[in-house]
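Each remark here refers to the structure printed beneath this line.
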Amino acid sequence: MTPAAAPDAPLLQVGAITKTFGGFTALDNISVDIRKGERFGLIGPNGSGKTTLINCISGALRPQTGNVIFCGEDITQLPPHLRARRGIARSFQIPRPFKSMTVLENLMVGLDFAKVDSSLPEEDVAMSILTRMGLASKASAPTGTLSQVELRKMELARAMAVRPKLLISDEAMAGLSSSEVDEVLDLLISLGEEDITIIMIEHIMQAVMRFSERVMCLDAGKIIAIGAPAEVMGNKRVQEAYLGT
Amino acid sequence: MTKHRNSIVFWAGAAVFLIAVLSMTQIVRNEYPFFAGYVILQFIALAVAWSILGGYAGYVNFGTNAFFGVGVYTAVALFKATGAPLVVQIAAAAVVGMTLGFGVGLLTLRMRGIFFSIATIALAIIIETFVMNWRFVGGAAGIQIQRPPVMAPFDSYVKMLFFVQALLVVIAVSIARYIQNSRIGRGLQALRDDELAAECTGVPTLKLKLVACMISGALISAAGAPAAMYLQYADPSSAFNLSYSVSALAMALIGGTAHWIGPVLGAILLGSTQQLLAVTISSEVNVLVLGIMLVLFVVGAPKGIIGLLRPRYRLRAGGKP
Amino acid sequence: MFSMDLLLGAVVLGVLLGCFYAAVSVGLSVSFGLLDVPHVAHPAFLVLASYGVYQLNESYDIDPLLAGLAITPLFFLFGLLAYRVYYETFERRGSDAGVRGIAFFFGIAFIIEVLIILQFGVDQRSVSATYIGKSWRFGEFRIPIRQLVAFAVALALTVLLAVYLSKTFMGRAIRAVAQDEEALRLMGANPVRIKQFAFGIATAVLGIAGALLIIVAPVEPTLDRAYIGRTFCVVVMAGLGSISGTLIAAIILGVAESIVLTLFGASWAPAISFAMLLGVLAVRPQGLLGR
């Protein structure tokens, strides 16, 4: 079970997890493997359980049954910060910046606590991430002054500061203009090219199609389709879930 | 490095402060300034200690009086049982305060802020009730304390207590400053802004809150420990007086909690005003002024005095040591 | 020392006391439980109401219950104002509302305490009415009539508020705003106005509750401190915002206090509510009885 022993073993294994709130079943026996380096799209109508699933992966919620295995280690019971240190980072559907800090300081939190070995001074590392994200000019701006797209990028940059193996982007493009969507999408794709596995939750279909190597569609807490993007989009149940019947 | 220079300036300042306090005890004959000064120093220590949890982490502790009273009674019980010297009393109070902080933290820091606040009030009342029913330290009636002979170089016990409290202030401030400049401070600030986001960015929020609660509790109890010697008397209702909680909270918030200097300024300003008012008018007006100032600042100047002095003041952005 | 009769007496008195605790807590159940306002000044408002009743009783010899009713509209307006200030300064600006909101109400509580001291002094104050001072005898056991009056009025008040919240349009709107503000906004209602109104109701109830407080026993300016424990204990134990839960939780507290008082003496009584509160927070922060 050591992670190094099996190079083809999935980076993340979600094993039969179920999450209920009161009488409501948000996730019903979900199993999925995410391969190392994969660009994985997660779609589904509102309330289908997408965010609950990534909350279970990132540790904000614990499922009632089932387990989450990351790099061969069972992390089901770990709190979020230990998962972050093992390489799981996320952005939030509604951005959650550290409001009393500047953009640079937001990144420093991740660098301070994620225990990344680096010979460079932390500030230089943070600046290089910001430069990648096109936010270098905003480094010393308070987060309250950022525009919507800058805030989204800042969240991704902060997630990058923990040096993730797996990055989960929760609707990072919601509410952005189409040129901004392309901007963020290009960023995510370029991150995917450097060995970071990415799960992307998105409603904007063109973005999902362009980004994903594989797509999974949830509806009412169940997987209704999983596979190549075109295949999933062509699936009748997916179309029904989206269009309503 | 400016950081390094800041440190030198800070420690030099602390040394100058202590030397000044020490020389004052040697030069000034009249005991009154030390009586009044002790109270102000005590408030500085309390406000700074409070802000480590209340300011940096954003968890409002209403139970300053619990930790203070525990400090007082740890010292009293230890002194009565063993006649231990003041230093040992203070150290013991710090240990007990830290343990208490750990317990309270574990019990309540998983919950939303308001529950923590209410729980700390509860704690104060429960401990006070126990002390009231504890015969060994005098119960509800209180206990007289006979001061031991004063040690050289001091010629009066109050002057010595004044110096000791000044030392506690320096310890409290340097710990607060250390936290503020370390990654602990950054982590606390992050979790105050957004606990879930902090946790997902790798911040061990529960651990940091516990650490803050323990340090804050230890410092408050330590600052309370000499109070029995100062008054030569201790009783539950004054040792656990809720006014310690209001004062610590109000002074820290009025001064501003983004930098350790805020609580210090707040305590000096309000502490001296209180001393003046208590002497000239009445102690009720005194508390009224404190309450009104607190509400005014909380509503009108959320970042406190330091926020007014430097409108764009932020943690770490300061050039001050 | 210990007898079954004594225990039974303690339980009966505890139930009476408990209903009274429900009446003083039910406003907090709305303001804190439903509206999520960190209203630590609730007990201070309560004691202020008692002093209002005292003043009317003392100067004009008005029956304390009528006096309580008379100040109710005043307290309603007071509540509207308090919420407006709270909303404008904290909820609307959002950031850091937690710390400052709590400190705000803490400061208000202290200001009220000191103002009462400055106006009335630190001595205990009580009211006079025909039903105060007499008691009914059942064999060895006596029930003060003032307790019975407080019990009856408290029960009526609590039930009335519960009915109001579940049966009337406004009451349902208040419950809705607690559950899903956004949905209410989409339906065209103004959640802020509803919350303000609810806070007004929660404060208005204190007029009567304050009258009960001073009927049951004399009041002093710092009495609010003991009631921080009692009211929050009841509301948290009840499960935030549950009115029927409030009644049950209050009776549990009343009986517990009454038994401890009988068995161990008065010096342990103040800690009971706080200990129960800590216990509930530690074991089941969502409340024993609630949602």
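These residue numbers are counts, starting from 1, taken along the chain as shown.
Each Cβ is built from the backbone N, Cα and C atoms, and glycine gets one as well.
Sequence-distant contacts of the transmembrane segment (B:7-28) (same chain, at least 6 residues past either end, Cβ-Cβ under 8 Å): 34, 153-154, 159-160, 162-163, 166-167, 170, 173-174, 177, 321. As annotated by TrEMBL, transmembrane segment applies to B:7-28 (among others).
Here TrEMBL flags B:34-53 (among others) as transmembrane segment.
Per TrEMBL, transmembrane segment is recorded for B:60-80 (among others).
Long-range Cβ contacts of the transmembrane segment (B:86-107) within its own chain (Cβ-Cβ under 8 Å, at least 6 residues beyond either end) map to 63, 66-67, 70-72, 74-75, 78-79, 119-120, 123, 160, 164, 168, 209-210, 213-222, 224-226, 229. The transmembrane segment annotation in TrEMBL covers B:86-107 (among others).
Taken from TrEMBL, the feature transmembrane segment covers B:114-137 (among others). Nonlocal intrachain contacts for the transmembrane segment (B:114-137), taken as residues 6+ away from its ends with a CB within less than 8 angstroms of a stretch CB, comprise 59-63, 65-66, 69-70, 73, 76-77, 80, 100, 104, 107-108, 143, 234, 236-237, 239-240, 242, 245.
The feature transmembrane segment is assigned by TrEMBL to B:157-179 (among others).
Annotation comment: TrEMBL describes B:210-233 (among others) as transmembrane segment.
For the transmembrane segment (B:287-309), same-chain residues at least 6 beyond its ends with a Cβ under 8 Å from one of its own Cβ atoms are 243, 246-247, 249-250, 253-259, 261-262, 265-266, 269-270, 273-274, 277. Annotation comment: TrEMBL describes B:287-309 (among others) as transmembrane segment.
Away from its own ends, the transmembrane segment (B:60-80) comes close to residues 46, 50, 53-54, 86, 88-90, 92-94, 96-97, 100-101, 104, 113, 116-121, 123-124, 127-128, 131, 136-137, 143, 145, 213, 216-217, 220-229, 234, 236, 239-245, 247-249 of its chain (Cβ-Cβ under 8 Å, at least six residues beyond either end).
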